[in-house]
Amino acid sequence: MLRLVPLAAGWLLPVGPAVPRLSPARAWPLPYSGFLPGRAAAGSAGGGWRPVLKTPKGTRDHPPAHTVLRDRLLAAVVTCFKRHGAAAIDTPVLELRETLMGKYGEEAKLIYELQDQGGELLALRYDLTVPFARYLAMNKITNMKRYHIAKVYRRDNPATTRGRYREFYQCDFDIAGQFDPMIPDAECLKIVHEILSDLQLGDFVIKVNDRRILNGIFAVCGIPESKFITTCCTVDKLDKVPWEEVRSEMVGEKGLSPEAADHIGEYVQLHGGLELIEQLLQDPKLSQNKLAKEGLGDMKLLFEYLTLFGITGKISFDLSLARGLDYYTGVIFEAVLLQQENEHVEEPVSVGSVAGGGRYDGLVGMFDPKGRKVPCVGVSIGIERIFSILEQRMKASGEKVRTTETQVLVATPHKHLLAARLKLISELWGAGIKAEMLYKKDPKLLKQLQYCEDTGIPLAAIVGEQELADGVVKLRDVATRVEVDIPREKLVDEIRRRLEP
C-alpha cells in the first residue's frame, strides 16, 4: 500500500512496497501530488488519500445547458463575421515564447510560460492577434480578412463573477492589407455594433480613440518618448479608477512631474463626438504635433463613415481610452455595456468591456525577416463576459434550455418489441432524423413518454403489435398528446413535415 510521508514543509515522500526508497531530495512537492491528507479514498478500508476534485483556479466546467447557450452566442458571432466576408483560420494553442514576448507591454507578465519542450521554449497563446500576425508573416500573406474563435490563456487573478477567467474564448475579426484610411476600421466598429445589438444585451457605448492622438498629447505635455507606452498603460486604468489615483501613479511610480500629469489630465478626461475632434484640431499645441494631427484627421474621417453606417449614436470619442497593449499604432476602440436593466435581476450585472480592438500596422513586420509591414485592424468580442450576463439572466428567469436536438423518441407499448424499436430507429437514423430510444428491453410506455416531456423531444413514434400488423406507426405529438397512425413508408416524410420551421 502506497503511503505519502510528510517531510519538510511542502514536500511528501512516497513509501510502499511498489515504490523504491527515495531520499528526501527526491521527494514529491505537495502541490504536484494532487492529494489531500486525512481523506479516505472512496471504498478504502482504512482511510488514506484521495485526489482533489476541482478545476484549477480561473477555469470552469460547462454543463450541457451552458454549452448550448455558449454555442448559440458563438453562432451569432460567426454569422456576423461571415456576413462581412471573413474566412476562418486556426493556429496552435502553443507558440514559441519569443513570438509572444515584447508584444504586450506590462501585460506580458500574464503569459503562461512552459518549461523547455524538446529544445523549444514555449508559451500558451495570450490572444489571437499575435498568432495571426505570425501566420501572415510566415506565409507571406499581405491581404486577408479572417476570423478566429479559440481559447486563450492568461495568468491573471480571475474575477469569475465578472466573466474573467484564466482560460477563455476570444472571437476575433481582422482585416489585413493596404487600403484607403479608415474604411476597414469603420467596418470593425460596425461589426461590434451589429453583434451587441443582435444579442440584445442592453444599452452600450463604443469608445474610440487613437494611439497617435495619445502620443501627441504626451509629447505636448513634455513626456519623453521612452515613457509613452508606460504612460499609456497608466491612462488605460481610467475606466477602473478615478483620475486622482491615475495621477498619483504617473507621478509616484512612472516619474512624471506633477505639472505634466496635470496637463495630461486636461486632455484625457475629455469625451464627445465630431465637435470634440474639431475642437482639438484647433488646439494650438496639438495642431502643431504631427502625430496628433494625423490621428485627429483620421478620427474625423472615421466619424464620417460611421455616420453613413448610422451608428454614431453609440460611438464616443474618449481620450481616456488607451488599451495597454504595445502593438496598437492607430485607432483603438472598446465596447462597454451600460447599466443592465433586467426585471429578473436585483443587482445590475457589471462585466465592463465586452469587445475591443484597434489598428496594429507594425506587428506583422516584427516577424518578417525583411521587416515588411502589413497594416492590420481588428476586433475581439469578449464572449465569456457576455455569456456571464446571459447565464445570470437564464438562471433568474428559470428558463429551461434543451440540451439535445432529438426530434423523435422511438417507443413501444408492450414487452418483447426491442427488435421492432431497433429496426425503426435505424430507418430514422438512415433518413437523417435525430432519434433516440431508451436503453431497456421492455421499458414502460409511461416512462418513455415522460422522458420526451422531460427532455423536450417533440414527437414519439410508437410501434406496438397492432401497428406492426397494420404496417403503420403511431406518431404522437408530445405537447398536445394527439396520436395519428401513419403508414410506415410515409413516416419519414410526415416527421419532416411536422418539424419544418
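Cβ from N, Cα, C; glycine included.
Listed features, source TrEMBL:
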BINDING   D127, L128, T129, R154, Q170, D174, R323, Y327, Y328  L-histidine binding site
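Counting other Cβ atoms within 10 Å of each Cβ, the lowest count among the binding-site residues T129, Q170 belongs to Q170. Within 10 Å of the C-beta atom of Y328 (L-histidine binding site) sit 25 other C-beta atoms, taking all shown protein chains into account.
Each of the binding-site residues D127, R323 was scored by the other Cβ atoms within 10 Å of its Cβ; the lowest score goes to D127. Farthest C-alpha pair in the L-histidine-binding residues D127, L128, T129, R154, Q170, D174, R323, Y327, Y328: 21 Å apart.
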